[in-house]
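J.: The domain 'VTT' annotation in TrEMBL covers 86-203. The transmembrane segment annotation in TrEMBL covers 21-47, 67-99, 106-126, 155-177, 184-205.
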Amino acid sequence: MAKLSILWYDKSMKIKNPKAYAFFQQLFKVLGIIALIGSFVLAFWLYKMGIFNDKNVLKDVINQYKFWGPFIFIIIQIFQIVFPVIPGGITTVFGFLIFGPVKGFLLNYFGILIGSYILFILVRIYGKKFILLFLDEKTFYKYEKKLETPGYEKLFIFCMVSPIAPADIMVMITALTNMSVKRFMTIMMIAKPISIIGYSYLFIFGKDIIKFFFK
């Protein structure tokens, strides 16, 4: 496993329109807060509908959006990765709940792969300026320092496998290195199924697991 090096680094951070850039930074922060609140509201609404414990309600939801539902869901998954203002774990769980385990997994998988590819390419093109639209500088430099560690690629693979790691941040940071697009996508295709299944089943069956150990 070859050592990665920093490929893209713009120390000067030359921005043609600083005011517009600052505006978009604030805009994405506000959107992130709104999306977080909206996600909890949606989760509460689904809970009130009984979708978490009533299979008949779940079937009704699937039947209502049988044709357009999968396309809309994939677009949402792509959007939440490319513009990480929507909590990705929540949309992943919704995919399993709404479409079932097999179809939900496939829709999550393809949506996440496409979104991660686009995010990787955008950072590869625009570099640090794109990342700082979503991260503050303190957080950015915290993760950027990890690029200097000898086993960074192993760390990246671990984060892609882990259901609780900051995957989108790691994708952006990794795009600053000399890792090829082919290798990046290979890692994603192999690692992501584990994190998708792990996160969803941890969320859906977490309550039962806790009861099992503490009954």
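Using the three backbone atoms N, Cα and C, a Cβ is placed for every residue, glycine included.
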J.: Cβ pairs under 8 Å with the transmembrane segment (67-99): which stretch of 106-126, 155-177, 184-205 has the most?
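T.: Comparing 106-126, 155-177, 184-205: 106-126 has the most Cβ pairs near the transmembrane segment (67-99).
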J.: Return the average pLDDT for the domain 'VTT' (86-203) as a whole number.
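T.: Result for the domain 'VTT' (86-203): average pLDDT 88.
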J.: When DSSP states are grouped into helix, strand and coil, how many residues of the domain 'VTT' (86-203) land in each?
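T.: Helix/strand/coil tally for the domain 'VTT' (86-203): 95 helix, 1 strand, 22 coil.
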